[in-house]
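A.B. asks: Handing you a structure now.
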Amino acid sequence: MPKTINVRVTTMDAELEFAIQPNTTGKQLFDQVVKTIGLREVWFFGLQYQDTKGFSTWLKLNKKVTAQDVRKESPLLFKFRAKFYPEDVSEELIQDITQRLFFLQVKEGILNDDIYCPPETAVLLASYAVQSKYGDFNKEVHKSGYLAGDKLLPQRVLEQHKLNKDQWEERIQVWHEEHRGMLREDAVLEYLKIAQDLEMYGVNYFSSKNKKGSELWLGVDALGLNIYEQNDRLTPKIGFPWSEIRNISFNDKKFVIKPIDKKAPDFVFYAPRLRINKRILALCMGNHELYMRRRKPDTIEVQQMKAQAREEKHQKQMERALLENEKKKREMAEKEKEKIEREKEELMERLKQIEEQTKKAQQELEEQTRRALALEQERKRAQSEAEKLAKERQEAEEAKEALLKASRDQKKTQEQLALEMAELTARISQLEMARQKKESEAAEWQQKAQMVQEDLEKTRAELKTAMSTPHGAEPAENDQDEQDENGAEASADLRADAMAKDRSEEERTTEAEKNERVQKHLKALTSELANARDESKKTANDMIHAENMRLGRDKYKTLRQIRQGNTKQRIDEFESM
């Protein structure tokens, strides 16, 4: 039995290992990969490997894996990557897995600066990336430093602004909070909808020359072929949609494109190596095929996939709504519990105050009772003294009578009697004054005792009221062999049909232009970052982008502009560059 060969395939977020037979074809390996990860939109993808000369190459599906120039390592190493890009991610990418693989690949391109992204857009995209990873911002979970382990911005952007890690996190967090309620899958799609408007998104650049020998860039993407000047890969100067191209071929390093317009000359350019022309041919054929397919009704398979995706999305939205409803109920219950706890604490505090007031009133009552008893004793003493004085007065009166009688009986002398009489009269007068004084004191003590009694009755009434106040019930708790240098020529006819005239891509607008929310966010970020920007660190791409913005250009306005005039005029313009 033939010995099996170990293969390792790395996707954007996983590492897969297989054992294949020596006669296994590229397609058989590819099919095994897509089946393993559950991918059905296979037409965008391919298997990439590094050949024996160190060049990155796409695996041919119709040839055996072992017959291709794969480095003889164990295991054999491949990368599963997007080879072709959609025109519009929201219309073409159906499965969540497809969207996620594109998201991760595009994000990697932006962070590595293979796709130029202006600072404000980079921060906004970072916030969508954070939403797709962490879900809704939660201050209880996402504490300061929660983004410390994530690479979210291109190094160029970090170096161009005088902001530290914490300040970058604060800015990204603000926009992360803005996406509350957005599903992680929707955040991925929003990221791609903005990223696809970047000028370098989905473009394969190849160094080339025209007949004059001018150094230019040829850009191959989902919409056609574009020509760029050597120092500007953001702004194409001439464009040819796939619908204008009839045949593409190469002979050694010479690449020839025949337009559908018979009056137009061939579009000829020269590549530095034969292998580059082979790659260009393969990319042109694949992109043209997808361009034409998009302009026809969906196949039954695609219709079924879209229907299934809609159903799955609807189900997720239902589940999300249910979760949100449960979350709101839980939050309301927690708030109600907090309210009850708060009211309970307030009642306990009120009860404590009442108890203190009651205790204070009880003490005052005891003090007033003590004072009342003391006054009552003082009153009794004064009354006793008054009675004693009254008795002495009576005795004096009796003595006076006795003296009068004695004077009559004993016939005392008038002088002696007068003297005794005067003494007794004086004594009677003194006793009367003393009696009146004591009666006055007794009346005064009686009045004070009466006042204390009234205060005592008032305090008893207040205490009774405080003790009868209700305290409340206790609250309840709640997818041509590039290495084959012998095959020096190849040709491919690009079929066209009635749908070829559909150039709807020229009518597109950017996500920022049609989405007011995105436009508002980008404007705010531009203003916010301006103060921290170090103008001395601007790159050539930054300056080109700024000039395009000043002139009101964007990807689609530029596309309309570079396709103006007939095919012949644009080919003549290319030859004169």
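Numbers run from 1 along the shown chain.
Positions of Cβ are set from backbone N, Cα and C atoms, glycine also.
These figures come from a predicted structure and were not determined experimentally.
Pasting the feature list from Swiss-Prot:
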- 476-487: compositional bias 'Acidic residues' (COMPBIAS)
- K79: N6-acetyllysine (MOD_RES)
- K83: N6-succinyllysine (MOD_RES)
- Y116: phosphotyrosine (MOD_RES)
- C117: S-nitrosocysteine (MOD_RES)
- K139: N6-acetyllysine (MOD_RES)
- K165: N6-acetyllysine (MOD_RES)
- T558: phosphothreonine (MOD_RES)
- 376-415: region 'Disordered' (REGION)
- 434-518: region 'Disordered' (REGION)
A.B. asks: Cα distance, K165 (N6-acetyllysine) to K139 (N6-acetyllysine), nearest Å?
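C.D. replies: Here the two Cα atoms are 18 Å apart.
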A.B. asks: DSSP on T558 (phosphothreonine), three-state: which is it?
C.D. replies: helix
A.B. asks: Can you see whether DSSP assigns K79 (N6-acetyllysine) to helix, strand or coil?
C.D. replies: strand
A.B. asks: Output, ordered by sequence, the same-chain residues six or more apart from C117 (S-nitrosocysteine) with a CB under 8 Å from its CB, or 'none'.
C.D. replies: I110, L125, P154, V157, A195, L198
A.B. asks: Counting distance between Cα atoms, which of the modified residues Y116, K165, T558 is nearest K83 (N6-succinyllysine)?
C.D. replies: Y116
A.B. asks: When neighbour density is defined as the number of other C-beta atoms within 10 angstroms of a residue's C-beta, which of the modified residues K79, K83, K139 has the lowest density?
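C.D. replies: Comparing Cβ neighbours within 10 Å for the modified residues K79, K83, K139, K139 has the fewest.
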A.B. asks: Using C-alpha positions only, work out which of the modified residues K79, K165, T558 is nearest to Y116 (phosphotyrosine).
C.D. replies: T558
A.B. asks: Report the same-chain neighbours of K165 (N6-acetyllysine): residues 6+ apart in sequence with Cβ closer than 8 Å to its Cβ, ordered by sequence.
C.D. replies: A148
A.B. asks: Please report the number of other Cβ atoms within 10 Å of the Cβ of the residue listed as 'phosphotyrosine'.
C.D. replies: 23
A.B. asks: Write out the long-range same-chain contacts of T558 (phosphothreonine), meaning residues 6 or more apart in sequence whose Cβ is under 8 Å from its Cβ.
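C.D. replies: Same-chain residues close to T558 (phosphothreonine) (Cβ under 8 Å, separated by 6 or more) are E199, T235, P236, N548.
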